[in-house]
Each structure stands twice: as C-alpha cells, then as structure tokens.
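K.L.:
Residues or ranges marked as compositional bias 'Basic and acidic residues' in TrEMBL: 1-13. Feature annotation from TrEMBL assigns compositional bias 'Acidic residues' to 657-666. Look at TrEMBL and you will find 23-143, 182-305, 347-474 tagged as domain 'C2'. Annotation comment: TrEMBL describes 1-25, 647-668 as region 'Disordered'. What TrEMBL lists as transmembrane segment is 603-636, 718-748.
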Amino acid sequence: MQRPPPRPEDFSLKETAPNLGGSVPGDKLTTTYDLVEQMLYLYVRVVKAKDLPPKDVTGSLDPYVEVKLGNYKGTTKHFEKKSNPEWNQVFAFSRDRLQATAVEVTVKDKDFIKDDFVGRVVLELNEVPKRVPPDSPLAPQWYRLEDKKGDKAKGELMLAVWMGTQADEAFPEAWHSDAATVPSDVVANIRSKVYLNPRLWYVRVNVIEAQDLLITDKGRYPDVYVKASMGNQILKTRPSPSKNTNPMWNEDLIFVAAEPFEERLLLSVEDRVGPNKDEVLGRAMITLQSVPRRLDYKPVPSQWYNLERHVLLEGDQKKKEVKFSSRIHLRICLDGGYHVLDESTHYSSDLRPTAKQLWKPSIGILELGILSAHGLQPMKAGKEGIGMTDAYCVAKYGPKWVRTRTIVNNFNPKWNEQYTWEVFDPCTVITIGVFDNCHLQGGDKAAGTRDTRIGKVRIRLSTLETDRVYTHSYPLIVLLPSGVKKMGEVQLAVRFTCSSLLNMMYMYSQPFLPKMHYLHPLSVTQLDMLRHQATQIVSMRLSRAEPPLRKEVVEYMLDVDSHMWSMRKSKANFFRVMSVLSGIIAVSKWFDQICHWKNPLTTVLIHVLFIILVLYPELILPTIFLYLFLIGVWYFRWRPKHPPHMDTRLSHAESTTPDELDEEFDTFPSARPGDIVRMRYDRLRSVAGRIQTVVGDLATQGERLQNLLSWRDPRATALFVTFCFITAIVLYVTPFRVVALLVGLYVLRHPRFRHKLPSVPLNFFRRLPARTDSML
C-alpha cells in the first residue's frame with residue numbers, strides 16, 4: 001500500500017510557549033540567559049590532590065580521579081609517578097538524570113591489570129550549595145580521603161561542588177554526563193564553540209607594463225602575458241598588444257586574501273612560444289604585509305619590481321635565481337572599501353566594508369536562544385545496527401559563527417544555549433543549521449566521513465518586530481534524491497532589540513553594499529569567481545579550528561551550490577514571477593470589466609472619478625498616494641505575525657519528479673550515463689527553445705517600434721508621420737483636458753459601441769516589419 005503524501009501542516013511553523021528564563025522558584029538566570037529554559041547541573045570541579053600514598057611495589061603512584069553519580073561516571077587524565085597531581089577539570093551532571101543521593105569522588109592508581117583504590121570523598125546532594133552567575137565562583141575546599149569502610153585514609157583532595165545552570169562559566173569546557181560514551185580523544189568535538197570569520201580582503205593587482213624582457217628567440221614577435229597566483233587562485237592577463245620587449249597591459253587582476261596573510265603573491269611574465277608551450281621570462285614574489293591599503297578609489301602609488309629568472313643547466317638542474325635588468329611595473333593594493341561576498345547576496349548577514357574605519361555604529365542587538373529539537377530522524381547506524389543521531393546546531397550571523405555542544409544519541413536533544421550578535425543592518429539574515437556529528441566513534445580515522453545535514457532555518461531580521469521575543473518550532477526540511485523530507489523540528493527563541501530607531505530607519509535609505517561596489521563595480525563574473533574563492537578560504541580556515549567547523553558544514557551554511565542549475569528552482573522562480581505579475585493581471589482584468597460594463601454602478605463611479613481627475617489634474621498624485629496609504633492601513637490587520645520559514649510549496653519540492661531530483665543532485669560535470677545526459681540535454685533544449693521564442697517575440701515588438709520612423713516600410717512610415725503631424729496640430733488647438741476626457745470616455749465606452757475585431761492602431765502595429773526576415 002502506497003504511503004499517503006505528508007500533510008501540509010507537517011511543514012508548517014508552530015508557535016511555542018517555553019518557560020524562558022528559569023523554572024525553579026528563587027532561582028533566576030542572568031539577563032544574558034533569558035531566551036532559554038533553565039537547565040540545572042551538578043558541577044564537580046576536581047582541582048588537585050596532595051600527600052597521596054604510594055601503591056606500587058616501586059613506591060610510585062599514577063593517580064587519576066573518578067567522579068561517579070549513579071550510573072554516570074567520568075574520569076580525569078592520569079599522571080605518572082606523581083603524589084601531588086593537579087587536574088583542574090570540571091564534571092557536569094544533568095539534574096534531570098540524577099539517580100543517586102550522593103556523589104562519589106574516588107582517587108585511583110592507574111595499573112595494567114586492575115586500577116588500585118587510593119581513597120574517596122562522598123558528598124550528599126542535599127548539602128550541595130546553589131550558585132547562579134554573576135555570583136563569584138565557589139572556592140574549592142580540601143577533603144580528607146576515606147577508605148571503603150568510611151575511615152580516614154592518607155591524602156587529601158581539593159574539590160568544589162555546586163548546583164548551577166548552563167549560565168555557569170564552567171559549562172562550556174565541562175565534561176557532560178550525557179556524553180559519557182564518547183571516547184576521551186574526541187571529547188573536544190562535542191563542546192560548544194564560538195568562531196570568527198577570517199577578515200577577507202580584495203587584492204587588486206594592476207599590471208601596467210614590463211621593461212627590458214630577455215626573449216630567447218629574437219627572430220619572432222613575442223606574445224607576452226602575466227600569470228599571477230596566490231594559493232589556489234590563478235589569473236592571467238590578456239597577451240600584450242605591443243609585440244616587443246617592453247609590453248604594456250594596464251589590466252586589473254583581483255584576488256581574495258584572508259588575515260593573517262599566509263600566502264604570497266607570485267607573478268610570472270611568460271611568452272607563448274607555441275601551442276601549449278610557454279616560456280617563463282621572469283618572476284616576482286610579493287608579500288601582502290607590505291602592500292598598501294586603501295579605503296576609496298584614489299589610486300595608490302605604483303612600484304617597479306625586479307624580475308628573477310630560472311636558468312636551466314645540464315641535467316635539468318636549476319641554478320640559483322639570478323637578478324637581471326628586467327622589471328615589471330605594478331600598482332597593488334588591498335581594497336578595504338568593498339565587502340568581500342562569501343554568502344549569497346539574498347541571504348547576506350553582513351554588508352560592511354572590509355576596512356574597520358568605514359564601519360558605522362551598530363543599530364541593535366540580535367539574541368538567539370537555541371532551545372531544543374524534536375522528532376529528529378536516525379542519521380546513522382550505531383552499535384548493533386540501531387539508528388542514532390548526535391545532533392548539534394550551528395548559527396551564523398556576520399563574522400561570528402556559533403556551534404552548540406553535541407547531544408549524543410538523542411532524537412529530542414535539548415541545548416538551551418543563548419548567543420548574541422551586534423546588528424549593523426536590519427535587512428540581513430541569520431542562518432541556523434542542524435547537523436549530525438559523525439566524528440565521535442572513531443570517525444576521524446575513517447576516510448571521507450562527513451557531518452550530515454539535518455536541516456536549515458533562515459530568519460530575516462527586517463521581518464521581526466523590535467523588542468519582541470519570537471518562540472517558534474521550525475520544521476527542518478531537506479531535499480533528498482528520494483524527495484522532500486521533514487527531518488524533525490528545531491525550537492528557537494529570537495529577539496531583535498533596536499538601540500536607535502532613527503538610525504535603523506536611516507539604514508533603509510542607504511545603498512545595500514558599500515559605495516565602492518557602485519563607484520567602481522565588479523563584473524558579475526568576477527563576483528561569482530571571488531565569492532567561490534572567499535567561501536573556500538573561510539571553510540579552510542574554520543576547518544583548522546579546534547573543534548573544527550567542517551568544510552561541508554560551512555558550505556551548507558553559505559549556500560555554496562545555490563548557483564547550480566535545477567529544473568525545480570527554475571519552475572519555482574517562474575511561478576514566483578507569475579505571482580508578482582498576478583496583481584497587474586488582476587488590475588487589467590478589473591479594468592476590462594469596467595470597460596465592458598460588467599458592473600454598471602462601478603463603471604459609472606469610475607466615469608465620475610475620471611472626469612473629476614481630468615478637471616482637477618492636481619488631485620491625481622495625492623489620490624494615488626492616499627489610495628496606497630489606505631491599502632497599507634487596511635492590510636495592517638492581516639500583517640504576518642510569524643517569521644517566514646522554508647516553504648516546500650513555494651520551492652516546488654513536493655511536486656518535483658524523481659528524474660529532476662536526480663539531475664539536481666548530480667555532480668558537475670555530470671556523472672550519469674550518456675543516454676540520461678542526452679535525455680536531459682534534449683529536455684533543456686526544449687525549455688530553452690520556448691524561452692528563445694519568447695525572447696524573439698519581445699525583440700520583434702521592439703523592432704516594430706523602431707521601424708515606425710525608419711522608412712523600412714515606406715507606406716507605414718508615411719502614414720505614421722502624417723498621423724503625427726495631424727495629431728500635433730489638433731493637440732495644439734485643443735485643450736489637453738478636452739483631449740484626455742474624450743480619450744478616457746472612448747476607452748470606457750459601452751460594449752454596444754465596441755467591436756470584437758482588433759483596433760486600428762493594433763492592426764497597424766502588427767503589420768510593421770521586423771528584422772525576423774533577416775534571421776537565418
């Protein structure tokens with residue numbers, strides 16, 4: 001039996017009512033944690049020990065501490081041959097999972113066969129004090145060790161034990177009881193972390209000219225160009241039009257670089273001596289630390305650089321680089337007036353220029369509470385083949401990325417972590433993604449292991465009311481080769497606080513991007529290439545952090561593949577255009593009904609309004625703006641109360657075919673068999689043929705307008721010129737109001753005075769020639 005399709009409400013946004021800011025009487029979180037539910041933890045800080053007795057026959061001791069609470073057990077690292085060790089490690093046990101009335105802290109001696117018992121401290125939970133920041137940290141105390149019978153043993157252990165919340169400063173680095181099954185060597189992969197984007201710059205290299213190049217073959221004209229490389233980025237100039245030893249280019253090459261600058265700029269002047277054969281005439285190496293930075297379009301001083309050359313000797317051995325008289329003239333600068341685009345412009349979270357001197361004050365604060373997720377799907381097989389999910393969240397806004405801790409093997413994880421960002425532009429988007437951590441069970445050793453995407457949420461700040469807390473459960477929707485699927489829901493709390501309403505309103509009058517993008521714009525091709533390079537640099541830098549924010553996570557958050565062809569997206573965008581035009585189409589249909597007197601009363605009122613506007617034309621603009629004002633006030637009653645979310649119907653994710661999905665998930669270049677690629681190519685040709693026809697029809701109408709006065713059809717042009725002359729005389733002697741009144745009454749005339757045949761002007765226009773006759 002075929003499964004019924006999922007109901008539309010499965011993909012809907014649900015408003016929630018979580019208990020934000022605390023749930024225990026007398027306990028109150030700080031204001032920085034008022035967008036999450038309070039989670040209580042028992043914290044045990046193991047500081048150090050002293051005077052521990054030796055256990056081995058050699059008189060040495062390899063101590064470590066085991067903290068046990070019910071079935072949960074955590075251990076510190078062990079020291080070799082040390083009787084006064086210092087650990088300073090924190091253990092956190094969730095109060096919801098407490099299964100005992102006392103916490104047992106045991107000191108043991110590491111041994112090959114069986115670890116020896118040294119001593120322990122047992123603390124009753126009802127005696128543990130409570131602490132909530134901004135209270136000062138609890139001072140640790142010395143506790144005398146006891147043996148298994150409860151008698152005093154040799155040695156002391158310094159501990160601090162308290163009941164706190166996730167607002168505690170010890171929380172991020174603590175060992176958590178819900179991650180007790182995680183091996184100690186990958187514990188760093190489950191902790192929460194804040195990352196910062198590297199500061200990106202556009203490096204503009206203006207290649208002006210070269211002088212005194214040494215050409216090997218002096219019997220031909222040199223075909224010289226400059227190749228510039230920086231890391232994986234390689235650009236070339238066009239061959240110089242001056243075919244001599246002093247070539248000129250005056251061409252700009254633009255790269256993306258990130259601070260701190262790790263890579264150098266390598267320039268090589270090359271001569272194309274034959275097909276696929278280039279000879280290097282000289283090289284120059286430039287470090288970016290010495291390159292000047294500019295904030296506007298004023299040119300920086302140019303500079304001559306000496307070229308160095310490799311001389312090949314016998315046995316293909318290279319002689320040391322020798323400086324000679326050839327040199328190259330360059331103007332290099334770091335352009336700080338641009339914003340380096342690493343995100344899609346539709347979902348940008350930061351629009352400020354690179355140079356901090358050009359930054360404007362912030363307009364507000366964005367606060368995000370990542371509460372929990374519900375109904376997550378099993379993402380991988382665990383032990384004994386049972387499905388499991390180790391979920392964590394990543395949020396990105398501006399240069400700041402945040403990653404929550406990983407909740408191990410839980411389909412309903414609770415994070416309750418809160419983060420804050422400065423806002424500089426309200427028309428920006430925060431992106432929240434949920435991922436499955438695949439690097440906890442020895443995943444680092446498995447080649448090709450990637451964290452799996454569970455879903456993504458985007459929230460545009462301009463759609464939020466200021467100072468209001470939005471608490472919603474967002475559907476996590478992903479498109480798989482098998483179709484659209486809901487992977488669960490993530491519960492978020494969002495608040496946008498505006499510090500200056502005037503400054504925020506002023507931002508709506510400012511250009512979307514920094515002014516350099518408009519004064520000296522980059523081409524679309526350049527922007528696409530530079531964005532690709534920027535995303536590669538960001539993903540590489542963040543993947544080197546600890547714990548790493550992996551490449552697949554960064555690329556998914558930055559929508560790296562958003563530019564790839566998709567039949568589904570093309571359909572969705574086409575229907576979006578039709579939805580926009582539907583208003584114009586509806587108005588034209590309404591006007592057609594007015595003209596055909598479908599509702600005589602409405603038509604009479606339109607006649608009266610038209611006559612008033614003709615007699616008093618100064619009322620036209622006020623009437624239009626008053627009408628728009630009244631429409632806006634009327635629609636205020638039905639304004640959206642919730643932030644937008646992923647819409648499967650708008651995206652045409654529910655109606656797409658399996659073949660279209662297979663094409664969307666295909667690699668580039670295609671990895672499918674030739675017959676499938678041929679079928680898809682034919683389908684694309686069919687779609688492109690229809691688009692080609694529409695574009696041709698638009699061109700035909702434009703050419704007919706041009707041919708009204710071109711005398712391509714002498715009789716048609718003569719008729720039009722004569723008509724224009726007569727019309728000019730009539731309009732000179734007739735008041736404009738009379739003409740407008742007569743034209744309006746003619747357009748609104750009763751159907752009794754209409755004909756079903758096309759009008760004379762339309763017939764005349766359709767008979768005009770176009771350049772289709774000259775098309776092959």
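Glycine is treated like the rest: Cβ placed from N, Cα and C.
Just so you know, TrEMBL annotations never went through curation; they're auto-generated.
Note that the structure is a prediction, hence the values are computed from the model and not measured.
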K.L.:
To what whole number does the mean pLDDT across the domain 'C2' (347-474) round?
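P.N.:
Looking only at the domain 'C2' (347-474), pLDDT averages out to 89.
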K.L.:
Using DSSP, how many residues of the domain 'C2' (182-305) fall into helix, strand and coil, respectively?
P.N.:
10 helix, 63 strand, 51 coil
K.L.:
Using DSSP, what is the helix/strand/coil residue split across the domain 'C2' (347-474)?
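P.N.:
Split into helix, strand and coil, the domain 'C2' (347-474) gives 13 helix, 60 strand, 55 coil.
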